[in-house]
Amino acid sequence: MDIRPNHTIYINNMNDKIKKEELKRSLYALFSQFGHVVDIVALKTMKMRGQAFVIFKELGSSTNALRQLQGFPFYGKPMRIQYAKTDSDIISKMRGTFADKEKKKEKKKAKTVEQTATTTNKKPGQGTPNSANTQGNSTPNPQVPDYPPNYILFLNNLPEETNEMMLSMLFNQFPGFKEVRLVPGRHDIAFVEFENDGQAGAARDALQGFKITPSHAMKITYAKK
């Protein structure tokens, strides 16, 4: 029995070793090019591992995403996509539970931020060194040499299965995208061209570190002029 088209698509055959938050970010980056994504439901229970639901605002968006990304190699496995079953109470319940958990997390984060701000205000002498230390410990950027802004981006650390279509789908959601250029004989690097420096920079910032496979976080720099 065929499932009627609806706003929610069901995805399975995904790598179940990916952390939930990383999976959600990656799915959002991939699917938001087709339209407004209302929510992404990905649970790490045994029954739901390697599966997710993506809810679009428009029906046309879910239909287009299903057609374009069917079999797309995501973290090393081809995605299987279909429309979610209509009138499914399971999806509604999962969305409700997920939303409640996220709200609690946000409240906890807000309290932590307030407490940190209060502590920093009480001890101004300690605030600056701590901030400097934190920044110093969490900046991988020096490892990736960058050049002045350019309308062409240089990608490296790409997995072996990378192809032009895969990269085009990732980058064509950004304004000004022109083309992807692969390097013959090299699967790990590629160039992406935009209309201007600013548009290239926006794509660079948004997709920096995007993982096509678990072991390959994409490194993006401006191409050397």
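Just so it is clear, glycine is given a Cβ too, placed from its N, Cα and C backbone atoms.
Annotated in Swiss-Prot:
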- 113-123: compositional bias 'Low complexity' (COMPBIAS)
- LYS111: SUMO2 cross-link (CROSSLNK)
- 7-86: domain 'RRM 1' (DOMAIN)
- LYS111: N6-acetyllysine (MOD_RES)
- TYR151: phosphotyrosine (MOD_RES)
- 99-145: region 'Disordered' (REGION)
I'd like to know the mean pLDDT over the domain 'RRM 1' (7-86).
87
For TYR151 (phosphotyrosine), the three-state class that DSSP assigns:
coil
For the domain 'RRM 1' (7-86), what are the DSSP-based totals of helix, strand and coil residues?
26 helix, 23 strand, 31 coil
